[in-house]
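Chemist: Just dropping this structure here.
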Amino acid sequence: MTIEAADKASILSEALPYIRRFAGKTLVIKYGGNAMTDEKLKEDFARDVVMLKLVGMNPVVVHGGGPQINQLLERVGKQGEFIQGMRVTDAETMDVVEMVLGGLVNKEIVSLINKHGGKAVGLTGKDGHFIRAKKLYLSSADDEPIDIGQVGEIEAIDPSLVSLLDTRDFIPVIAPIGVGPDGEAYNINADLVAGRLAETLGAEKLILMTNTPGVLDKEGQLLTKLTAQRVDELFADGTIHGGMLPKIASALEAAKSGVGAVHIIDGRVPHALLLEIMTAAGVGTMILAA
Ligand SMILES: Nc1ncnc2c1ncn2[C@@H]1O[C@H](COP(=O)(O)OP(=O)(O)O)[C@@H](O)[C@H]1O
Ligand SMILES: CC(=O)N[C@@H](CCC(=O)OP(=O)(O)O)C(=O)O
C-alpha cells in the first residue's frame with residue numbers, strides 16, 4: 001500500500017501538538033538489549049532519537065545489553081545465570097559486563113546517533129561518579145538475603161552531568177554501571193537505572209523499549225493499561241516473571257514518583273519511539289501509579 005501525499009501530510013501535521021507539548025522536556029528512553037537485534041531497527045532508533053532532539057525535546061538514552069553479554073560470556077565458556085531477573089555477576093562476569101555495556105553496545109549506539117546527525121556522548125555511572133551504588137542482596141522466601149555478586153542497587157544519581165549535556169545539545173547515552181565508595185563497578189539492571197534517572201531528572205516520560213508488544217496477561221493478550229493493584233496480582237500468579245520483574249517494578253516506582261507517563265513498548269516495531277511520542281496511536285502498556 002502506498003501512502004498518498006495528503007495522508008503523509010496529515011501524519012506529519014499530527015505531530016505538531018506533541019512537539020509543542022514535549023519541547024524542552026526530558027524523555028528517558030530505555031533501549032533494551034532484546035530490541036537491539038536488527039540492524040535496520042537500530043538505525044531507525046538512532047534516527048528517531050536525533051529527530052526528537054532536533055524538534056526541541058531532551059532524549060536521554062539508557063541502554064541494556066543482556067543478550068549481548070550472554071553472547072560474549074558463551075565465547076569465554078560461561079553461561080549467563082539470572083535470579084529474579086538479575087544476572088549473577090562474579091568478577092569475571094563483571095569484566096564482560098563492563099566490556100559489553102560500557103564498550104561495545106554503548107559505542108555502537110553513540111556512533112549510530114552521531115551518524116544520523118546527533119551529538120551523542122557515552123557515559124557509565126563511573127563518569128563523574130554520577131550513578132552511586134552499593135551491593136544488592138535479593139530477598140528470599142525464608143528471609144535469607146541472596147548474594148548475587150557484583151550487582152548493585154542505586155544509592156543516588158547526580159543529575160548535573162546529564163543536565164549539562166542536555167543544555168549543550170548533546171544526547172547522553174548511558175550504560176547501567178554504577179560505582180561504589182571505593183571506585184568498584186556494579187552491574188545494575190538497566191530498567192532500574194532508567195526509572196531512577198527519570199525520577200531524578202523529573203522526566204516527562206519514561207519509555208521502556210523491549211521485545212514484547214507490552215505487558216501480556218495469562219492468555220497472552222496485551223494489557224494497554226496497568227495499575228499498581230493489577231501488577232500485584234500478576235506478580236503473585238506468576239504472569240509477570242523474569243526480565244519483566246525489574247522492568248515493572250521500576251516503571252511503577254517512576255510512575256509513583258511523579259514521572260509524567262511511563263510506557264513499556266515494542267522495540268521491534270519500526271519507529272516505535274516516534275509512534276509513542278508523536279502520534280495518538282497508543283503502543284504498548286501504560287503503567288499507572290494508582
Ligand atoms: N507478563 C509478561 N508480559 C510480557 N513479557 C513478559 C511477561 N513476563 C515475562 N516477560 C518476559 O520479559 C521479557 C522482557 O524483559 P527482558 O528480557 O529483560 O528484556 P529487555 O532486554 O528489553 O530488558 C520478555 O521478552 C518476556 O519473555
Ligand atoms: C544486574 C543485571 O541483571 N544487569 C543487566 C544489565 C544489562 C541489562 O539490564 O540489559 P537488558 O535491558 O537488555 O536486559 C545484565 O547483566 O544483563
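Backbone N, Cα and C atoms are what each Cβ position is placed from, and that goes for glycine too.
Whatever TrEMBL says is automated annotation, not expert-curated.
Per TrEMBL, the features are:
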BINDING   G65, G66, R87, N187  substrate binding site
DOMAIN    25-266  domain 'Aspartate/glutamate/uridylate kinase'
SITE      K30  site 'Transition state stabilizer'
SITE      K247  site 'Transition state stabilizer'
Chemist: Where does R87 (substrate binding site) sit in DSSP terms: helix, strand, or coil?
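Modeler: SS state of R87 (substrate binding site) = strand.
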Chemist: Taking G65, G66 as the binding-site residues to compare, which has the smallest set of other Cβ atoms within 10 Å?
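Modeler: Counting other Cβ atoms within 10 Å of each of the binding-site residues G65, G66, the minimum falls on G66.
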Chemist: Would you mind pulling the DSSP three-state label for G65 (substrate binding site)?
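Modeler: Assignment for G65 (substrate binding site) reads coil.
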Chemist: Around ligand 2, within a Cβ distance of under 6 Å, which of the recorded positions K30, R87, K247 show up?
Modeler: R87
Chemist: Over all pairs within G65, G66, R87, N187, the annotated substrate binders, what is the largest Cα to Cα distance, rounded to whole Å?
Modeler: 12
Chemist: From the recorded positions K30, G65, G66, N187, pick the residue whose C-alpha lies nearest to the C-alpha of K247 (site 'Transition state stabilizer').
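Modeler: In terms of Cα distance, K247 (site 'Transition state stabilizer') lies closest to K30.
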